[in-house]
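Remarks on the structure that follows.
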Amino acid sequence: MLFDQIASNKRKTWILLLVFFLLLALVGYAVGYLFIRSGLGGLVIALIIGFIYALSMIFQSTEIVMSMNGAREVDEQTAPDLYHVVEDMALVAQIPMPRVFIIDDPALNAFATGSNPQNAAVAATSGLLAIMNREELEAVMGHEVSHIRNYDIRISTIAVALASAITMLSGMAGRMMWWGGAGRRRSDDDRDGNGLEIIMLVVSLLAIVLAPLAATLVQLAISRQREFLADASSVELTRNPQGMINALDKLDNSKPMSRHVDDASSALYINDPKKGGGFQKLFYTHPPISERIERLKQM
C-alpha cells in the first residue's frame, strides 16, 4: 500500500505537469494566432518564456529563501537535537546532509528548499521544536528530507514558473486587445469571416481568458500531490506511520505563523502557514490535514 501510494502520487504529478505544458502551449498558440499571424510562432515563444522563467526561479539562492522567512542557520553545537534528526533522515534517504535552519516563531511548521540535494536546506520553527517529541520530529524532518530526495522543490518551482508565464502571456494579450491589436489583426486578415476563422478566434480568446485560472488550479494540484508523496515517503524512511499521524495532528491544531509569509514560500511549508478559511480553501497549496491523516491510516 505504501509503495502503491508513492507510485500513484508520482504518476499524477507527471500527468499534471504535462497538462501544464499543454496549457502554456495553448496560450502561446492563441497569442500568436491573434497577434502575429502565427500560432506556431506564439507557441515557440511561450515555451521559451516558460523555460527562462523556470531557470531563473530554480537557481534562486537558498540564502534568499531563508532570509525571506527569517531563518537563522544552526549547527550540531547550537541545535543538536534537530541537527541529529536531520542527519539521521538524510542518511536513511541517502542524500547529502542539508543545511539546517531555525525560524523563531511559536507556530508549528517546517520547510525544505534547494533545487537539488547538493544545495538543499531544511528549516523548522522554534514552536515545532518545543512541542514535537522525537518520533514526531523525525516524521516532520523525514517529510522535508523526502521533498529534497524527490526533487519536489524543483518540480514545484517549474509549476510556479509555468503558471507565471501563462499569466504574463494572458495579461499581455489582454492589454493588446484593449488597445485594439487583435481587432486590427483580424480586420487585416483576408480570411476574416470564414467559419473556421471565427471558431479559432473564439477558442483563442477563451484560452487567453481561462488559462490563468486553470494554471493556478493545476499548480495547486501539483503542490497537493507532492505533499501526499512526502508524507508517504517520510513513513518509508521512518517506518513509523503513527509518528507522522501524531505530528500532523499537532500541526493541524497549531496557530498561524506570526510573521508574514509570501505566497511562494507558503507552498514550501509542511503546513499552510496562513490557515485561511471559506473561499480561500479552493486555492490551498496543501491538502486538508484530515485527508493526509486518513491516507496514512490506510497504509
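Using N, Cα and C of the backbone, Cβ positions are placed for all residues, glycine too.
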- [ ] Look at the Zn(2+) binding annotation in Swiss-Prot, where H143, H147 are given, and name the residue from E73, E76, E227 listed for that site too.
- [x] E227
Open item on the list: Let me spell it out: take the transmembrane segment (39-59), skip the flanking residues so only those 6+ beyond its ends count, and list any with a Cβ under 8 Å from a Cβ in it.
Closed with: 21, 24-25, 27-33, 115, 154, 157-158, 160-162, 164-166, 168-169
Open item on the list: Using Cβ atoms and a strict cutoff of less than 8 Å, what residues sit near the transmembrane segment (158-178) while being 6 or more residues removed from its termini?
Closed with: 16-17, 20-21, 23-24, 27-28, 30-31, 34-35, 46, 49-50, 53-54, 56-58, 208-209, 211-212, 215-216, 218-219, 222-223, 264, 267
Task: Chain residues in Cβ proximity to the transmembrane segment (198-218) (below 8 Å; excluding those fewer than six residues from its ends, i.e. six or more beyond) - done: 16, 19-20, 23-24, 26-27, 29-31, 33-34, 159, 162-163, 166-167, 169-171, 173-174, 186, 283
Open item on the list: Can you tell me the CA-to-CA distance separating E227 (Zn(2+) binding site) and E144 (active site), as a whole number of Å?
Closed with: 10
